[in-house]
Each structure stands twice: as structure tokens, then as C-alpha cells.
Amino acid sequence: MNISTLQPLGWNHFFLQQTDTQTFEKLQSNELLIFRISAIHRSVIKGLGSNWPEGEVELLCPECFQPVSDFFCVGDWVITERTNEHFRILKVLEAKNQLERLSNHKRQLMAANLDYLFIVTSANSDFNIKRLERYLAMAYECQIEPVIVLNKIDLTDDVDGFLDQIRSLSVHNLAGVSVLKPDSLSSLSHFLIPTATIAMVGSSGVGKSSLVNALFTHAQKKQSDIQSVSEIREDDDKGKHTTTSRQLIINEQGVLFIDTPGIRELKLLNAQEGIEQTFDDIIRLAKECKFTNCTHQTEPSCQVLQALESGILPLYHWQNYQKLLKEDAYNARSAQGAYAQKQHQKTFSKKVFREQMKHRENKGNNK
Ligand SMILES: Nc1nc2c(ncn2[C@@H]2O[C@H](COP(=O)(O)OP(=O)(O)OP(=O)(O)O)[C@@H](O)[C@H]2O)c(=O)[nH]1
Ligand SMILES: [Mg+2]
Ligand SMILES: [Zn+2]
């Protein structure tokens, strides 16, 4: 196996250094093969490997990796062994990051090894700033760079009004687009880097799959790559779920997308640090309070109370911060088992994220 053929799928040195000499030799001789998980439909697991232009390959998953959702997700890399015509998963490589949430009191992996998280919302009644704060907290907690994508700008006369609200959030990347206005999509081009993996998240009906489709050029779109989207409806604010499972696809520019089903209600999992980053304006204010243990309720010279009074700190923002912290503490208790696992993953992925940021900064400085 020529490992360099995996590079278009996002393979890099980080994964290579997880293979020891013996494994590497077996990879060379094709005794072992590497795949990136591209879809999981109940018990059927699909992956893209060195022959990825020819399509997905079905992978066998032994008992020790069941239930699958506890061990890996779309976007993960696995080492497999060839058994007759099949490929059996032997090992899951450590991910550089994993997007996760709480679902049915359990940790649920949503996607792995991401470069960007497109948090998609639409310029209609779906738009909800508190929900965006929740998604941001998840992105920051999982150390994935968020991009807020305001879709369906064709439906409003007040795009700036929406964008201004997004600008008030703790986020660097935002774009206003419409699938119906192809020119508007160029505001995303900065993120559409070949070999980069972008996961799409957001409520059902905001246009995640439509965007993935629009970011393919029509000429080269293969039928199998096209994501199903619902018909244009008069009122799709309450869109029903069209996408039902997560899927990794690669466009002709070489950008990898993970489309996901809409989330009705995103629950965070042990996301205290992500929440702090999302509400860093409040954290900064609180540091200026007279008492270090200020509860921001009645204390004199409380900067939070003063900012609320003067209107500098919007009430909804402060309330959402408290709500998310409370909810997070509750969720952490209800998913105790997941907690230990998470702590382990966090120390590891944080190191990777810091290195990436350093690398990015260096690149920026060298420009
Ligand atoms: N007016 C308008 N409609 C859009 C736009 N983008 C998508 N739509 C429509 O919005 C509806 C939902 O689009 P989808 O792409 O299926 O939404 P989704 O986010 O993938 O939804 P789920 O798969 O259910 O999570 C469809 O009727 C699309 O045609 C847009 O930019 N403008
Ligand atoms: Mg969809
Ligand atoms: Zn205070």
C-alpha cells in the first residue's frame, strides 16, 4: 500500500506516527490496509482507502468494537486486515479531535478529525443566537475551528442585521450565503482547502446538504455523491429530517465534507472550557469584580451586574451562560462513565490543537 495515496483523504504525519515499524511493513505489503470511515449505517461500516476514487469499501467490525458508536465515528482512521475479500477493522487510530455531544445520557461521537465546523443557520425564523452559542461551546470544547454560516440570505432584506448579531458572538469566522445565489458561496472559499475536513451541523432544514451539494461543481457531480435534500417548500423553517446518517464525501477540489442529520436539541457534554471560551467577555468582566469569589448576585462593585445594568452585557447572553453551565454540570453527572473517557481524550487533543494553532500563527507571521 502506498500510504501517500491517502493524503487526499486528510492523512498526515500525525496518523503516520501512530503506526509502528511492524505495522508499517505490513501496510507496505498490503497485508494491512488503512481506511477513513465514510459512513456508518447501523451495522454496515464503509470506508475510503487508497482506491478512494473508485468509491467506498465495506468494512467488517469485530465484536470488540461494538457498539460502534462508542469506539469510532465518521472521519476516524482505522487499520484493517485483509481476510479473503473483506477488510476487518483491527485498530482505530487516535483522532486529532472528535465532535461529541450528549444523547440519551450517553456520549455520542458525531465526527472525527475535523479542520472546520460549519455551524449552519438560516436567515429566517430558525435563527437563534442562543442556539449558536451552544454550538460554539461544542466547537471550542472539541477544539475545532468554528465557522458560522448564515444560509438562505435570499429570504431576507436585512442580511446585515443577522450578521451583526453573529458578530456579537465570540467567533472569528462567519459568512452569509445562499444556495440560490452561487456568487455568495465564494465567501466560504477561504475554508475550502483540499484535504481539509469540514463537518456541517445545525438544525434540520437550514440547508446543510444543499450547501454540500452546491459546493460541488455540477459538471463533476456523481449521482452517488449528491446528498438528498428536501424539495423547496414555501415554509421550511421547521424542516423535517432529510439526512438520516452522517456521511463523508470528497468534492472535486479535494475538500472533504461530513454532512450530518439536523439536531433537534444540542446537549453539551462536560463542556465547561468550551462554554468559557464562548462567553469569554463574561469571564473577562468577572475577573474585574471586587471579590474574587463574587457570585454576581448582590455584591458591591460587581462588574457583571454593572455591565448588565448599563446594557453592555445583554441579558440573554448572561442568562444563556448560566443556563449552559448549570445544564453542563447536570449532564456531566448523568454521563459519569463518559467523563473519564473524555478527560483522557481532552488532554491529548488539546495538545494537538495548541500545536496546530502555533503552526497557523507561524504561517501567518511568515506571510
Ligand atoms: N430559499 C432558500 N432555500 C434553501 C437554501 N438552501 C436550502 N434551501 C432549502 O431548504 C430546505 C432544506 O434543505 P436541506 O439541505 O435538506 O437541509 P438540511 O440542513 O440538510 O436538513 P436535514 O438533512 O433534515 O438536517 C430545502 O427545501 C432546500 O431546497 C437557500 O439558500 N435559500
Ligand atoms: Mg441534510
Ligand atoms: Zn461579580
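Yeah, the Cβs are placed from backbone N, Cα and C, and that goes for glycine too.
If you look up TrEMBL, you'll see N151, K152, I153, D154, G202, S203, S204, G205, V206, G207, K208, S209, S210 marked as GTP binding site. The DSSP secondary structure for V206 (GTP binding site) is coil.
What TrEMBL lists as Zn(2+) binding site is C289, C294, H296, C302. Remark: C294 (Zn(2+) binding site) has A286, C302, V304 as non-local neighbours, by Cβ distance under 8 Å and separation of at least 6 in sequence.
Taken from TrEMBL, the feature domain 'CP-type G' covers 96-266. Confidence annotation: the domain 'CP-type G' (96-266) carries a mean pLDDT of 88 in the model.
Per TrEMBL, the feature domain 'EngC GTPase' maps to 112-264.
Note: the Cα of S210 (GTP binding site) and the Cα of C289 (Zn(2+) binding site) are spaced 47 Å from each other. Residues S204, K208, taken from the binding-site residues I153, S204, K208, C294, H296, C302, are distinguished by a CB atom under 6 angstroms from ligand 1. With a cut-off of under 6 Å between the Cβ and any atom of ligand 3, the binding-site residues I153, V206, C302 reduce to C302. DSSP gives I153 (GTP binding site) a helix state. The Cα of H296 (Zn(2+) binding site) lies closest to that of G202, out of the binding-site residues N151, I153, G202, S204, V206.
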